[in-house]
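This is the structure I want to talk about, given as structure tokens.
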Amino acid sequence: SCTYSSFIMELTRLLLILVLTILYSTKTLSDDGPLVYDYYKETCPLAEDIVKRNVETAVFKDPRLAASLLRLHFHDCFVMGCDASVLLDSYEGMISEKQAGPNLHSLRGFEVIDDIKYFLEEECHYTVSCADILAIAARDAVELVQRGGPSWNVLLGRKDSLKSSFSGANQFIPSPNSSLETLIANFKEQGLDIGDLVALSGSHTMGRARCLSFRQRIYDVNLEGHYGYDRYKRYTTFRRILQVYMP
């Protein structure tokens, strides 16, 4: 069992397909064996249907949850792999990843995963991992909000972690105040490229970003020493455009 408690819409569908394909690559495979399609075909054949039905209900009530479920999976995979460690609460000296700076008062969608887990336990007890629920829910959320796509087949068979990494969440999840070079290096460490960075971090392929996260980049004239000064001034034109459309 498990214990849980705008900026720009749709940059491009292709980026989502690329990044989420890579997220399921060998970098994020479970140590217990390779992931496969139709992992629950015999043990819980309705697993993916149950996840999709609950994601549909949640996104219908609150469309923002689509982006939140994708982000929940993203933040989970950046710390110790895609193992649902982000869902664990603090317990006996273990500090939850939910309390880390990038997640605190920021991650959403835990209650959706709780509901899905409840119905899956009713259907097939102790069978479907929470890590797989996060992966399937992220796929279904993207497909729903994009009204028919993009979609991808999710490799399954992840195992749930019994521990969380508060320090890892603070260290590895990209910060909105990082320079471009730092973000590129951060994603490269996870086996992800610049296209994946654009889809998942900061500019947001779907959903909304809080003004607090990027406003200073647009209006702070003293960028040097704060956000990675760029002597080639690659930011200048885009920054002026943003000042016009985001007064």
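Each residue, glycine too, has its Cβ placed from N, Cα and C.
Keep in mind that TrEMBL annotations are predicted by a computer and have not been checked by a curator.
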Looking at TrEMBL, which of Cys2, Cys124, Cys130 bridges to Cys44 via a disulfide?
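That record, TrEMBL, gives the partner as Cys124.
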Check for me: which candidate out of Cys82, Cys130 does TrEMBL give as the disulfide partner of Cys77?
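So the cysteine that TrEMBL bonds to Cys77 would be Cys82.
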Other Cβ atoms within 10 Å is the metric here; tell me which of the disulfide-bonded residues Cys82, Cys124 scores highest.
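The residue with the most neighbouring Cβ atoms within 10 Å is Cys82.
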If you measure from the Cα of Glu97 (Ca(2+) 1 binding site), which of the recorded positions Arg71, His75, Cys77, Cys82, Cys124 is the nearest?
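In terms of Cα distance, Glu97 (Ca(2+) 1 binding site) lies closest to His75.
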Cα within 10 Å of Cys77 (disulfide bond): which of the recorded positions Asp83, Ser85, Cys124 qualify?
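Among Asp83, Ser85, Cys124, the ones whose Cα sits within 10 Å of that of Cys77 (disulfide bond) are Asp83, Ser85.
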